[in-house]
Amino acid sequence: MTTAEDTWIPLIKQIQGNTSSPKKRSECLDVVVLSSKRTVTMPSNISNDEKKFNTKSAKKKSTDNITLSDISRRLAMRKDLHNRLCLVSDIMCFLGVFGIILMVIANEITFSQINHNDTILSWFIKLAISFSTLVLIGFVCKYHLLDIYLYSVNNSIDDWRITVTNKKILLILFEILICAVHPTPRSFPHQLNASLETRHLNSSISTNYTLSYIAVDVALGLPMFGRLYLVCRFIMFHSHLMHDALSQSVGYLNKISIDFFFLMKTYLEHSPIRCLTIFCLIIFLIGSWCLRACDYLPNREHVSMLDSMWLFIVTFTTVGYGDLAPSTYCGRGIAALIGLIGVFSTALIIAVLAQKLLLNRWEKHVHNFVLNIELAKDRRILAANVVKGTIRVWYLRNKIKSGSSFRYLQAQRQLLQSVHMLQQTKQEQRKLVDSCIDQTDILTLQRNTSDKTREVSQQLKIMKVKMDRIERELAEMNIYMNNAIRDIQNTLNTLLDKITK
């Protein structure tokens, strides 16, 4: 027996709450305070093992609560970081596309000048491109910092510096290099009004550029199209697969990363024609402008946009009429790249068309069913022809005694042809049955077989349990019968003893 004075017994935990409602009043009964001066006696019949078990269970509950709170905190951090990454990606995509549009406008203004000199408007546009590039580089660093934080949260890494590897650093530097290349504003241009005589003189003495010539603004502007990878990242972050927690969980459990290449495969699977059309249209516009920027006419003027589009089409389709040809190494390199992309796109288009022209499973079953009916009809007709040919040969052989007559040989030849055609029809029917079975049917058959096997195994287990129970009951019945026979024998022996006495 144990005694305690002014005993305070905490049952679970103290909950501060208003006891006005019955629900809250019941929650506040987790603490029992005994403040009397009387001695309270409690039976100490709780063993040490039970105390240890209660302690272990309490520790386990506290550990589970800590684990659940940590998981909840990590999920909240992950959602917040993902939303911030999505916002930063949207801003980067806008800045990248905005810089490309400004670069094209600035170069077109420069192309309109006779000597391709900068104007005040093009100089300010280049200044805006430089400013947007600096902001874009800052957001690139911010994006990768948030990405490192997200990777640390997903993998339960306390220090984010552990995730910074040499490969990650090189990737960040390479992305900064892609975003940093742009046509920079040089000396401030002074607008001078050249006379018509000077313009005519410059145009008359001008000669064609060499093959290795390329303007500085064009050389710095063409790599800016590499910023289009930001559009791919924008598509990835705004995909429903990235926002769906179920797809993310299933992909994580199956070790499948939901990245841009996975999304492109899914988009090509669902709507291939739309994806290929958008891709070819974007390549057409970019490639045509690049050919215009790199190719020159004999009077040192750029090729028109319509001519560059025609050159792109004949190069993309690998036709090559030869009426237009690139005049610089830059144009030749772009034409070679367009030809490679054209071959790749043609292969994709052929694959998509071949997939669209194929019959689906149900159409294939209907087609094979109709063919099977026609082959069965032909088989019956050929079998009847074989029977008729056999009877005809037998009749002619009995009617005409000589086996070398023309009618007899012709009938025998027709019989052999009918037999051969019947064998071919049977073989076509077997091939048709084999072609009806595809991988889906095999998987369905395997699944049904597995279900049947599982049911049979369960029934066998039930039968085994019943047989064991019957065996036990038979053993008990044997024991009861032996005991009953023994009792009867004892009774009979007792009666015989009494009778003999």
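Each residue, glycine too, has its Cβ placed from N, Cα and C.
Noted in TrEMBL for the protein shown:
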COILED    453-487  coiled coil
DOMAIN    372-448  domain 'Calmodulin-binding'
TRANSMEM  85-105  transmembrane segment
TRANSMEM  120-141  transmembrane segment
TRANSMEM  209-230  transmembrane segment
TRANSMEM  271-291  transmembrane segment
TRANSMEM  303-322  transmembrane segment
TRANSMEM  334-354  transmembrane segment
Local confidence of the prediction over the domain 'Calmodulin-binding' (372-448), expressed as mean pLDDT: 83
Stretch with greatest number of CB pairs under 8 Å, the transmembrane segment (271-291) reference, 85-105, 120-141, 303-322 candidates: 303-322
Summary of DSSP states over the domain 'Calmodulin-binding' (372-448), given as helix, strand and coil counts: 69 helix, 0 strand, 8 coil
Contact set, same chain, for the transmembrane segment (120-141): CB under 8 Å, 6 or more residues outside the stretch: 88, 91-92, 95-96, 98-99, 102-103, 105-106, 109-110, 172, 175-176, 179-180, 182-185, 188-189, 191, 217, 227
